[in-house]
Amino acid sequence: MTSLSFLVGVIGNIISVSLFLSPLIVRHRSTEEFESFPYICTLLNSALWTYYGVTKPGSLLVATVNGFGIVVELIYVALFLIFAPPRIRAITGILFGVFDVGFVAATVLGTQLILDGEMRIDVIGFLCAGLNILMYGSPLAAMRTVVTSKSVEYMPLLLSFFVFLNGAIWTLYAVLVKDYFLGVPNGIGFVLGIAQLLLYAIYSREHNNKSSKTSSDELENEWQIREPFVSSSTSTNMDEKNHV
């Protein structure tokens, strides 16, 4: 069982690394329409899960993948601080200081000085799971946009697939190692991943049907426009023959 959970954890690390690397926030040396807050939250989430993985015995795989996440998210935040407009840059700096430095430092100091043993692990676990659940507001917002706009433009298929895969593999890992703090948020992520894929299948099919219907209508309209010219030409030819 230990070797199986380790294997699942390694696979989870690989999938999570792919998920961390999936955002592309800078094009042409600009942050364009992207906001920094999701990356600030992901950095906070990675930092807390790394602390949880280091604190709880046997959770090295949780610490390693989220340690990598810290590095990636720090790069994203740094890109905002370099390329974003001055106002966004200032907001990013403030959010980074409050959440990723202040909150993380307060959590580490508070749990180290006040709590001990299993109580410390439980408090860190509750914080991690709670933040993870709150972060699923982003996929929910994307799903709402898909339903209201009836378009999958703002919910990329690859990202939805990785959310599903990441939730599935870490839920399985949590069941194997009996870690409920890890299992609950990733179980929610797994369910949301399935919902996103179903929405993508439904609305991408509708989009294809509409595109096909539009093409058919355009072709029919074009034929109707051309038809009078054909009739006129035919009529002219018949008149000429009759005249002859």
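Note: Cβ is positioned from N, Cα and C throughout, glycine not excepted.
Pulled from TrEMBL:
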TRANSMEM  6-25  transmembrane segment
TRANSMEM  37-54  transmembrane segment
TRANSMEM  60-82  transmembrane segment
TRANSMEM  94-115  transmembrane segment
TRANSMEM  121-142  transmembrane segment
TRANSMEM  154-176  transmembrane segment
TRANSMEM  182-203  transmembrane segment
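In summary, the transmembrane segment (182-203) lies against the transmembrane segment (121-142): three or more C-beta pairs, each 6 or more positions apart in sequence, are under 8 Å. Ranked by the number of CB pairs under 8 Å to the transmembrane segment (121-142), the listed stretches 37-54, 94-115, 154-176 are led by 37-54.
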